[in-house]
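Below is one structure, written out as structure tokens; comments come after it.
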Amino acid sequence: LHEPMYIFIAALLLNSLLFSTTIYPKLLIDFLSDKQVTTISLCHVQSFVYYTLCGSEFLLLSAMAYDRYVSICKPLQYRVIMRKTTVSILLVLAWLFPSCQLVPSVFISYGMKVC
């Protein structure tokens, strides 16, 4: 189970778990309480995590597609191309790139006033 395909599937599972813990607790609190109040800082945090995990899911699926492409089209070179370092780099990029991409927009929107 240490093949790259299973590592990417486990990362996608972790992404789905984190994605559900981003949305559902606040949704349940809003359903059970009489007042549905959200602070602007909580809204910024929730939107940052939501969009980061959406971007990570897209990049994880892209990495899985690349893994399958290499295994089908270049089967003799699969072990050379998809080493542990390559898989690690793809995973780190899939997790960090979306958050680095969203940080400037969060800082810009944090300074705006709410209507």
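Glycine is treated like the rest: Cβ placed from N, Cα and C.
In TrEMBL, annotation is done automatically, which means it is predicted and not curated.
Straight from TrEMBL, the features:
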type	residues	note
DOMAIN	1-115	domain 'G-protein coupled receptors family 1 profile'
TRANSMEM	7-28	transmembrane segment
TRANSMEM	48-66	transmembrane segment
TRANSMEM	87-110	transmembrane segment
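Sequence-distant neighbours of the transmembrane segment (7-28) (same chain, 6+ residues past either end, Cβ-Cβ under 8 Å): 38, 42, 46, 49-50, 53-54, 56-57, 60-61, 63-64, 67, 87, 91, 94-95.
Across the domain 'G-protein coupled receptors family 1 profile' (1-115), DSSP assigns 97 helix, 0 strand, 18 coil.
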